[in-house]
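Over in Swiss-Prot, the protein carries these features:
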- 68-96: disulfide bond (DISULFID)
- 70-85: disulfide bond (DISULFID)
- 75-95: disulfide bond (DISULFID)
- 87: phosphotyrosine (MOD_RES)
- 1-19: signal peptide (SIGNAL)
């Protein structure tokens with residue numbers, strides 16, 4: 001029984017030791033994203049669009065009035081994913 005308790009304690013210490021560097025990396029990534037230069041007004045956004053998923057013209061004017069957004073991690077309720085956005089080195093869902 002003592003052996004089991006000692007092994008469990010060692011496991012918990014090992015997991016905690018691994019969690020701290022992970023949290024540090026997450027903090028560094030967040031800090032890097034917050035340091036977006038404001039002096040460069042040019043932003044590059046790359047979109048990948050799948051035409052087979054495009055809404056059909058069964059409802060006139062649907063495409064003209066459709067609003068699309070790049071979202072993480074997924075589309076909101078009522079939206080549909082039509083492709084992928086690549087922005088700031090991350091992959092976003094292209095939702096309409």
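One-based numbering along the chain as shown.
Note that Cβ sites are derived from N, Cα and C of the backbone, with glycine treated the same way.
Owing to the predicted nature of the structure, the values given are computational and were not obtained by experimental measurement.
Taking the features listed in Swiss-Prot, we show where each one sits on the structure.
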residue : record         : DSSP class
68      : disulfide bond : coil
75      : disulfide bond : coil
85      : disulfide bond : strand
95      : disulfide bond : strand
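In terms of C-alpha distance, the listed recorded positions 87, 95, 96 place 95 closest to residue 70 (disulfide bond).
Note: the CA-CA distance between residue 96 (disulfide bond) and the residue listed as 'phosphotyrosine' rounds to 17 Å. Nearest Cα neighbour of residue 95 (disulfide bond) among the listed recorded positions (68, 85, 87): 68.
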